Each structure stands twice: as structure tokens, then as C-alpha cells.
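*Asks:* The DNA-binding region feature in TrEMBL is assigned to 89-132. Marked as compositional bias 'Acidic residues' by TrEMBL: 379-399. Per TrEMBL, the feature compositional bias 'Polar residues' maps to 403-426. According to TrEMBL, the feature domain 'Homeobox' maps to 87-131. Feature annotation from TrEMBL assigns domain 'TLC' to 134-331. Sequence annotations record features per position, and here TrEMBL assigns region 'Disordered' to 375-426. The transmembrane segment annotation in TrEMBL covers 41-59, 139-158, 183-202, 208-228, 263-290, 302-323.
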Amino acid sequence: MSTMFQTLYDWFWWDRLWLPVSLTWSDLEDKEGRVYAKASHLYVTVPYSIVFLVVRYLFERFVATPVAASFGIGDKIRQKAPDNVILEKYFCSCSRNPTQLDIDGLSKKCIWTRRQVERWFRKRRNQDRPGLLKKFREASWRFVFYLLAFIGGLIALYDKPWFYSTREVWVGFPKQTMLESQYWYYILEMSFYVSLLFSIAFDDFKEQIIHHLATLTLLAFSWCVNYIRIGTLVMITHDASDVLLESAKLFNYAKWETTCNSIFVVFAIVFMVTRLIIFPFWLIHCTWVYPVEMYPAFFGYYFFNAMLVVLLLLHIFWAYLILRMVRKFLFGNNGDDREFEALQSNTREHAWHERLFHHRRSPVTLYITRISPLTGDERSDEEEEDEEGASNATEEEEEARQKVSNGAGTRALNGTRSLQATAPAY
């Protein structure tokens with residue numbers, strides 16, 4: 001067994017996989033005054049990530065919570081779903097969002113109506129969602145980190161020639177000594193993402209786990225093969241827009257709509273510039289074109305560029321969703337408005353469509369609830385509560401209309417009887 005593991009280890013770290021031809025790992029050992037990044041350095045991210053978790057707890061409790069209170073932010077009292085063993089078992093083991101066919105089957109098992117089963121699942125999902133206060137504290141923590149990371153990245157890079165000319169990224173590669181500023185920029189960023197991974201490890205947010213693992217894989221690979229210069233440029237490019245998004249979230253939770261919308265517009269512009277212009281036309285161009293001018297292409301070259309292209313595809317998808325949300329907010333949807341007018345005469349649908357088409361959300365709210373991501377359930381608390389309110393309103397209107405109908409029928413029957421009693425007999 002040990003021989004097999006040793007064979008796999010040797011194959012994984014084979015020079016020809018990760019390094020250009022004629023170079024070996026021995027060329028990246030510390031010598032001649034040069035210090036290189038090593039895979040063993042990454043072990044320190046584990047204790048540092050634990051430190052991040054402790055600092056985060058203290059920050060959220062003693063800084064973010066008082067700030068949230070000053071904005072009047074607190075958690076809403078949510079209705080608890082009634083105890084039901086059958087529905088709880090299905091919710092935990094099968095799905096949080098049952099299909100209509102499953103709802104029919106569950107309603108028969110529980111001897112409940114379909115409406116009662118749907119309402120139970122809505123309430124149960126809301127119980128697991130983070131409250132407004134928790135989301136504000138988490139966004140505050142990420143905002144502070146991304147802001148400090150962006151400032152630290154600028155300090156580490158502003159005087160470096162590769163910050164202004166991407167050709168300088170590959171000068172002397174791979175025998176490029178690691179600077180102390182690069183070491184701390186990488187280690188702190190990776191420790192932060194490891195701490196995020198720990199914080200959601202017990203949650204059912206598979207998308208977030210995959211995202212953080214992919215980020216850590218990209219950073220770890222660039223560290224091990226000494227792609228540190230391009231790695232720092234990629235990090236600062238992403239931190240620039242992340243700062244604005246988290247700040248927009250904060251003002252959105254605080255109900256400062258004007259400030260939130262203004263920051264979101266700036267975020268959208270910065271996102272497009274950094275991730276759809278600078279990232280592909282400067283950074284990917286730098287990693288795709290310049291290395292093969294010095295060395296023949298090798299597996300590590302294709303692997304790194306493939307990950308960057310996948311990241312670019314995600315950027316394009318997110319940019320499309322951002323622009324669609326902004327368009328809906330700025331220009332509305334005439335088709336939806338006409339549909340609402342056509343359906344306004346339908347009493348049963350009136351309450352729902354009124355909330356859907358006339359309660360226009362800010363663009364950052366739309367982005368947070370429909371894109372940002374990476375949560376197991378994309379629907380927001382407000383959407384669920386609106387739907388719950390619409391369902392209640394619809395049922396109340398239906399009951400009232402039924403009562404009116406029954407009352408009219410009773411009055412008509414009584415009137416008929418009165419006429420029969422008073423009518424003269426012929």
C-alpha cells in the first residue's frame with residue numbers, strides 16, 4: 001500500500017506535468033539569495049483560518065451587531081412550521097422544494113390539503129434561512145476583509161513593474177524569488193477562503209463549497225509552480241468589485257435604497273471593466289501568449305489557462321445576470337405590466353400579481369436574491385413571505401367571496417320562501 005501511495009505521489013509531482021522542459025523541482029529550491037514558494041508553506045493556512053474564525057466571531061459580535069442596531073436592523077419573528085414527522089423526514093432526506101406530484105402524495109399521507117403542505121414547506125425553508133441581522137454581520141465581515149485585502153494588494157503591487165506591464169510577469173520565470181508582501185497576500189487570502197469553507201462545511205450549500213474549493217485550487221496551484229506574480233494580479237482584480245458588492249449589500253439590508261443603488265451601478269461598471277476587459281484581455285492574454293515564447297507548452301500551462309477560462313465563463317454568466325437585473329429595475333417590463341392589467345380582473349390572482357409586478361426591487365436586491373449566490377435555495381426570505389402573504393390574501397378573498405355567495409344564496413332562498421308564504425292561492 002505504501003508503495004502505491006509513493007508511486008502516486010511521485011507521479012503527481014512529476015516535473016514534466018507542472019514545469020517547463022529542462023526545469024525540475026530542484027531548480028526551485030532556495031539558493032543564491034532566492035526564496036521560492038513551497039507546497040509545505042500552505043499548511044500554515046489551517047491555523048490562520050482558525051484565527052480568522054475567532055476574529056470573525058469577535059467582529060460580528062462586538063462591531064457588526066452594534067452597527068446593525070444603529071441602522072435599526074433586526075431579525076423578523078418567523079412563524080414556525082408545525083411539527084409533522086412525515087414532512088420533516090421528506091424535507092431533510094429528499095428535497096426542500098417538492099414537486100407538485102410529491103405535494104399531492106404528501107397531502108394524502110398527512111391528510112392535509114395541498115395548500116397546507118405548500119405552506120408548511122415555505123415556513124420550514126424560512127426557518128433555515130439566515131435572518132437579516134446574520135446576513136448583515138456576514139456581509140460586514142466580508143466587506144472589511146475585501147477592503148483591507150484590496151488596499152494591501154495595492155500596497156504590495158503599486159511599485160512592481162508587472163503591475164503596469166504584463167510582460168514583466170514572466171521575466172526570469174520560474175526562477176523568481178518570492179517577496180514577503182507576496183507571501184502574506186497569498187497566505188491571508190487563502191486562509192480567509194479556508195475559514196469560509198469551514199464556516200459552511202455543515203450547511204447544505206454545495207455551490208459555495210465548490211466555489212471555495214475551486215478558488216483554493218487555483219491559488220494553491222499558482223503558488224506551487226511559482227505563478228505568484230500573475231496570481232496576485234488575479235486576486236486584486238477580483239477584490240476590486242467584491243468590495244463594492246458587499247458594501248451594496250450592507251446598504252440594501254439597511255434599507256438605504258438610493259445609496260445602495262448608486263453603489264450597485266458603480267459595482268456593475270467595475271465588474272465589467274475588471275472581469276470582462278482586464279481579466280481576459282490582459283491577464284489571460286498574459287498567461288496564454290507570453291509563456292510559450294520562452295518554453296514549449298506543458299500540462300501545467302494548459303491546466304492553469306483552462307481554470308482561468310472557466311472563471312471567465314462564470315464572469316460572463318454573472319455579467320449577463322447583472323445587466324438583466326439592472327434593465328428590469330431601470331426600464332421595467334412592459335410585457336409584465338400588460339399581463340398584470342389583463343389579469344387584474346381575476347380576483348384569485350390579483351394579490352399575487354400586484355406584489356410581483358408593482359413591488360419593484362432595487363437592482364442589488366435582485367442580484368443578491370437571484371444571483372449571489374451560491375446558496376442552496378435561491379429564493380429570498382422576502383419572496384417567500386410575499387408568496388405566503390399572497391396565498392393568505394387569496395384564501396381570505398376566496399373565503400369572503402364564498403361567504404358572500406352563501407349569504408346571497410340564503411337570502412334568495414328566504415325571499416323565495418317569503419313570497420311563497422304570502423302569495424295568494426288561486
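Glycine too: its Cβ is placed from the backbone N, Cα and C atoms.
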*Asks:* What counts of helix, strand and coil residues does DSSP assign across the DNA-binding region (89-132)?
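*Replies:* Counting residues by DSSP class gives 32 helix, 0 strand, 12 coil.
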*Asks:* Give residue numbers and ranges for long-range contacts of the transmembrane segment (302-323): same chain, 6 or more residues beyond its ends, CB-CB under 8 A.
*Replies:* 214, 217-218, 221-222, 225, 227, 234, 268, 271-272, 275-276, 279-280, 283-284, 287-288, 363, 367, 370-371
*Asks:* Hey, which bits of the same chain come close to the transmembrane segment (183-202), Cβ under 8 Å, at least six residues off its ends?
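*Replies:* Distal contacts: 37, 41-42, 44-46, 48-53, 56, 145, 149, 152-153, 156, 208-209, 212-213, 215-216, 219-220, 223, 228, 231-232, 235.
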*Asks:* Short question: which residues 6 or more past the ends of the transmembrane segment (41-59) have a Cβ under 8 Å from it?
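*Replies:* Long-range Cβ neighbours of the transmembrane segment (41-59): 140-141, 144, 183, 187-188, 190-192, 194-195, 197-199, 220, 223.
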